[in-house]
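Enquirer: So Swiss-Prot lists the following for this protein:
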- D1022: active site, proton acceptor (ACT_SITE)
- L834, G835, R836, G837, A838, F839, G840, K841, V842, K862: ATP binding site (BINDING)
- 152-215: domain 'Ig-like C2-type 2' (DOMAIN)
- 334-429: domain 'Ig-like C2-type 4' (DOMAIN)
- 430-550: domain 'Ig-like C2-type 5' (DOMAIN)
- N101: N-linked glycosylation site (CARBOHYD)
- N165: N-linked glycosylation site (CARBOHYD)
- N197: N-linked glycosylation site (CARBOHYD)
- N252: N-linked glycosylation site (CARBOHYD)
- N324: N-linked glycosylation site (CARBOHYD)
- N418: N-linked glycosylation site (CARBOHYD)
- N475: N-linked glycosylation site (CARBOHYD)
- N517: N-linked glycosylation site (CARBOHYD)
- N598: N-linked glycosylation site (CARBOHYD)
- N626: N-linked glycosylation site (CARBOHYD)
- N667: N-linked glycosylation site (CARBOHYD)
- N714: N-linked glycosylation site (CARBOHYD)
Amino acid sequence: MVSCWDTAVLPYALLGCLLLTGYGSGSKLKVPELSLKGTQHVMQAGQTLFLKCRGEAAHSWSLPTTVSQEDKRLSITPPSACGRDNRQFCSTLTLDTAQANHTGLYTCRYLPTSTSKKKKAESSIYIFVSDAGSPFIEMHTDIPKLVHMTEGRQLIIPCRVTSPNVTVTLKKFPFDTLTPDGQRITWDSRRGFIIANATYKEIGLLNCEATVNGHLYQTNYLTHRQTNTILDVQIRPPSPVRLLHGQTLVLNCTATTELNTRVQMSWNYPGKATKRASIRQRIDRSHSHNNVFHSVLKINNVESRDKGLYTCRVKSGSSFQSFNTSVHVYEKGFISVKHRKQPVQETTAGRRSYRLSMKVKAFPSPEIVWLKDGSPATLKSARYLVHGYSLIIKDVTTEDAGDYTILLGIKQSRLFKNLTATLIVNVKPQIYEKSVSSLPSPPLYPLGSRQVLTCTVYGIPRPTITWLWHPCHHNHSKERYDFCTENEESFILDPSSNLGNRIESISQRMTVIEGTNKTVSTLVVADSQTPGIYSCRAFNKIGTVERNIKFYVTDVPNGFHVSLEKMPAEGEDLKLSCVVNKFLYRDITWILLRTVNNRTMHHSISKQKMATTQDYSITLNLVIKNVSLEDSGTYACRARNIYTGEDILRKTEVLVRDSEAPHLLQNLSDYEVSISGSTTLDCQARGVPAPQITWFKNNHKIQQEPGIILGPGNSTLFIERVTEEDEGVYRCRATNQKGAVESAAYLTVQGTSDKSNLELITLTCTCVAATLFWLLLTLFIRKLKRSSSEVKTDYLSIIMDPDEVPLDEQCERLPYDASKWEFARERLKLGKSLGRGAFGKVVQASAFGIKKSPTCRTVAVKMLKEGATASEYKALMTELKILTHIGHHLNVVNLLGACTKQGGPLMVIVEYCKYGNLSNYLKSKRDLFCLNKDAALHMELKKESLEPGLEQGQKPRLDSVSSSSVTSSSFPEDRSVSDVEGDEDYSEISKQPLTMEDLISYSFQVARGMEFLSSRKCIHRDLAARNILLSENNVVKICDFGLARDIYKNPDYVRRGDTRLPLKWMAPESIFDKVYSTKSDVWSYGVLLWEIFSLGGSPYPGVQMDEDFCSRLKEGMRMRTPEYATPEIYQIMLDCWHKDPKERPRFAELVEKLGDLLQANVQQDGKDYIPLNAILTRNSSFTYSTPTFSEDLFKDGFADPHFHSGSSDDVRYVNAFKFMSLERIKTFEELSPNSTSMFEDYQLDTSTLLGSPLLKRFTWTETKPKASMKIDLRIASKSKEAGLSDLPRPSFCFSSCGHIRPVQDDESELGKESCCSPPPDYNSVVLYSSPPA
């Protein structure tokens, strides 16, 4: 069947085929007719080209290569029936706004068929688009176009034109002109210049020139002759080629030549005489600048006779090249591996790469696996790359130290080898203070002060630290300042050296900072007197680092001080002083600041004195004589900082006061005084400048003498023990430059001298007795305070410098203030036992008058068991001292008192919390949990309506809630001891529903309590829900932050070696490195959050507490989000579980975040909002949805949270904060559940005795050669994990849940029916990784 296809018109292809079928019986097809006749047509640029093709069959168009089919100006209509009886096909081509580059041959041809193949089935016309500005179709002005030529063959220079009338000249650089002669060189406006037999003369740069309307146009071409140059010959695979007997040998010889080069390729090989090889050749022309020839030699089933030298020969004309390769044929495989260097290798941290290589000889090529410390290296880090038999470590760090093993295996030969090398990563010493110091200018040290200089160094091997002293250079020239430089002569310091300042001590200690052991060197300067530079130099075999501490001593506060002697008056002298530290400032001068047109101008002050230089400072005094009012203004001392180059100003305002004549505020008046008495005369005068006051008696000037005292400024006259001679006229005179004023009075003395002496004796005795009394009282008080202050000083030093003294010794030194905490045993009535610890017990008691309360108070008493040892007594006493040190806080179980005196047991009295620990309380509330207060309120109303028996005195059934911890109310409430009253209180709280607000509140309170404990340098080390106690008014308190606990019977404590540890709550650094810090408490707080929002669920349910759990935790696996946690809460958990302790939030930050959540949950108000978890819709029941954590969920920062919700109009919201983008989180496997009771889910964490077997590693063993061996690189399967049971799902809010109306702002009543959320399912456990660092 004849196939017919038209690229332009699909619908008419079938019709064309049918028509052709009719003509195929013997009719001849006429060639297609074009609407433009002739072989060529000339049109102007910008005109529209219209061509119509009429034919007897379906046809298509062929266009010049410069015309794009996608050009919007081109339009081709598909062939359609036309002519008589519609037996012809017509198609049109329209090209709008034709351009010069549209010049070319346009062809209309029939679609190929069996009928038209033998005949001319096309019509063509050459269209010239004439453009005076573009005479050539292609312009090559900057870069000539390459034209390949072969001598003796035709060469075409394709400088085609857009008009047949353009005259073109062909020139050869530099001055030759090639003129067409009609034979050897001809011109064709459609093709260009045609050279029949090209010679070497046409090699070079040719250009075509045309002049149109007086403008010269050029297009350039570069001819290139074919050569015989062989660029390269290679054989693949490279030499040597190794094969096993019976394999196939394939050698590919590749010859690279220049274009237009032809080659002859041949082989020489051992079996050439017998033609052992088959050879095939091919040419690769895909390269634009070269030709590539291939000759492939192949020998099947190689034998020993095929080994030897194989040579590929390449020849092109007179050029010849060859390439050799050697072939080796082996009977069987082999492996040999040795150390290329030493078994223990060293490198340096910071290197861009390090190659760990082995000397391996093997055939065939073995499988290679590198292990680091027993695990695949490439899986541990992307920085590990396997290259051949080498392992390349990129960007070497200290984490790369360890044992590296290369595993080599040839499965088909059953050959296996391994070899281990140890890598030590050395670190150049690093001084951490040097990296964090960013002050532009050095600090100043007060004269005579005691200073402590520290230098924290890290390096491998451990660096040696020395302190050096560089004295300052003293310059006695007045033109230069003193300066200090580290290039001066340096001296090594020791505590006994007398260089520079007196050294109190030089000490070193090891400490763990940010998880690494660092050396802290401390230099204590006892008395800062001499300026200079202290250098801390640390060195090891890798290198040396030095930190220079410029030690500039100053006797000027802050190094810059300006003072004004006094505010001057008109006519007085203005005296200003400027003092700067001479090591920090220079170019000191006084200037006057003036404001002109809102711009501050600096005016220099003439006739300034020279600055004087002292030992530590430079002083510049400014004195202006006889000032006037115009001298008022802002005076500034300007000095240039030597290090920053910045001009520093210190300003002082000067206001020159106008002169004012003196005047008296009150005149003197006559006065009578008894003999032996005393009197005071006041003469208060004002004036500018301040007047000078002079006293006269009977016109004689009074001078100060015994019995006559002149007060400040002579304004008062005090006469002691008046005698008869003191009677007379007293006159005071106030004088300044504006004038004088005076006042006088007569002093009359009454009485006799005998009476005066008696009074004098009596007064003297009284004063002496009073003085002795106050002196004795002062000495007594100071003696009482002395011991207390000394103990307090020692105590503070212990707390503030914990690394100087061991922790147990610190606790032993802590003071115990018996006057504050001691409580009489006879006022304490012991009651029932609350629990027993490792060496103590806790009992409930009633304390009468504790904390100065006039009533009885229920408390908890911690005391030792019978037969306690001295060490146990010391431990409980240490706990008591710690509690006194920590202090009082609302969210901490507080100390109330203690009984330590002889004659009875040691007892520690703390607060009593009657509602037990938070873990059991949350478990008891699983069937009473509601999402918000509205649902909780409706739930209570529903219960009241369905439980009439309670109103008739029927006692409700309570879930059993036990507590093993000491508790008390957080509020100082005095009440009588009454168990019935306590039971009634608990009955009330047991009936109250638990809401989401309560869970957030518990989390917030615990964060506040831990923030307080961390501020008191207290690390809890066992923060869990079992150690959180619930008190009245929904207040939670942290306990057991120092109390002994019975870890031997508690299933939450797992044995590791000889120690039981709460592994589920412990941070990785605590498990593996025994490092406890506030950041490890933050990790435990994250697990506590999981307990709270799972309503008392046990962490990692169903996961066996073994070494596998620890390794998976270290690899980044985490728990899945608990049932009732919102995305914000779960994000906080992940933040707390960050692998790097430094990236975990501080408790202060957790308080802030949870405080925002709590406030938003209460007020339903905030900035940015997302749905919490309770959604009220108009047309759906009250539902609860657990957020699905996926990649999509975290993609847009919870912009579109994945909650099951209906309408979003009536949604309750909680204030949100930004989330970090999370990678896909690794999870624990989900486990099949087993049956268990709700209150026994903690028993899933049963104590697991962890032995000491190593973690599973990759090991290969060798056996006899004939034995079956294989390499198995799979990790051993994980141990079976204990499952969780299906928890019973009790009915919430009773069996039916009605629809709830949306809560509107103006509604005050809830719907008649409501529903709480279902209980959590703790059977599915998913492990999450911490967010990326």
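Note that Cβ sites are derived from N, Cα and C of the backbone, with glycine treated the same way.
Situate these features within the shown structure.
Expert: A coil conformation is recorded for D1022 (active site, proton acceptor) in the three-state DSSP classification, outside any helix or strand.
For V842 (ATP binding site), the Cβ neighbour count at a 10 Å cut-off comes to 23, with all displayed protein chains included.
Per-residue pLDDT, averaged across the domain 'Ig-like C2-type 4' (334-429), gives 92.
The Cβ of N101 (N-linked glycosylation site) lies under 8 Å from the Cβ of T66, V129, S134, I137, E138, each on the same chain and at least six residues away in sequence. Annotation note: N101 (N-linked glycosylation site) sits in a helical segment as assigned by DSSP.
N165 (N-linked glycosylation site) is surrounded by 11 other CB atoms, counting those within 10 A of its CB over all protein chains shown.
Every protein chain shown contributes to the tally, and the Cβ of N197 (N-linked glycosylation site) ends up with 11 other Cβ atoms within 10 Å.
For N252 (N-linked glycosylation site), the same-chain residues lying six or more positions away in sequence with a CB closer than 8 A to its CB are I235, R236, H294, S295, V296, L297.
Taking a C-beta cut-off of under 8 Å and a sequence gap of six or more, N324 (N-linked glycosylation site) has these contacts in its own chain: I235, S239, L309, Y310, T311, C312.
All chains included, 17 other C-beta atoms sit within 10 angstroms of the C-beta of N418 (N-linked glycosylation site). DSSP classifies N418 (N-linked glycosylation site) as strand under the three-state reduction.
In the shown protein chains, 11 other C-beta atoms lie within 10 A of the C-beta of N517 (N-linked glycosylation site).
Taken residue by residue with DSSP, N598 (N-linked glycosylation site) is part of neither helix nor strand, so it is coil.
Sequence-distant contacts of N626 (N-linked glycosylation site), defined by Cβ-Cβ distance under 8 angstroms and a gap of at least six in the same chain, are G571, E572, D573.
In the three-state DSSP scheme, N667 (N-linked glycosylation site) falls into the coil class. Counting only same-chain residues at least 6 apart in sequence, those with a Cβ under 8 Å from the Cβ of N667 (N-linked glycosylation site) are S743, A745.
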Enquirer: Nearest by CA distance to N714 (N-linked glycosylation site): which of the recorded positions is it, out of L834, R836, G840, V842, D1022?
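Expert: The answer is D1022.
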Enquirer: Sort the glycosylation sites N197, N418, N517, N598 by C-alpha distance from R836 (ATP binding site) and give me just the closest.
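Expert: So, spelling it out, the nearest of the glycosylation sites is N517.
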Enquirer: Can you tell which of N598, N714 has the least company, meaning the fewest other C-beta atoms within 10 angstroms of its C-beta, among these glycosylation sites?
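Expert: Looking at the glycosylation sites N598, N714, the Cβ with the fewest others within 10 Å is that of N598.
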Enquirer: Taking only the Cα atoms, work out how far N197 (N-linked glycosylation site) lies from D1022 (active site, proton acceptor), in Å, as a whole number.
Expert: 99
Enquirer: Give the distance between the Cα atoms of N165 (N-linked glycosylation site) and N598 (N-linked glycosylation site), rounded to the nearest whole Å.
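Expert: Between the alpha carbons of N165 (N-linked glycosylation site) and N598 (N-linked glycosylation site) there are 78 Å.
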Enquirer: Taking the Cβ of G840 (ATP binding site) as the centre, count every other Cβ atom within 10 Å, in any protein chain shown.
Expert: 22
Enquirer: Give the three-state DSSP assignment (helix, strand or coil) for N714 (N-linked glycosylation site).
Expert: helix
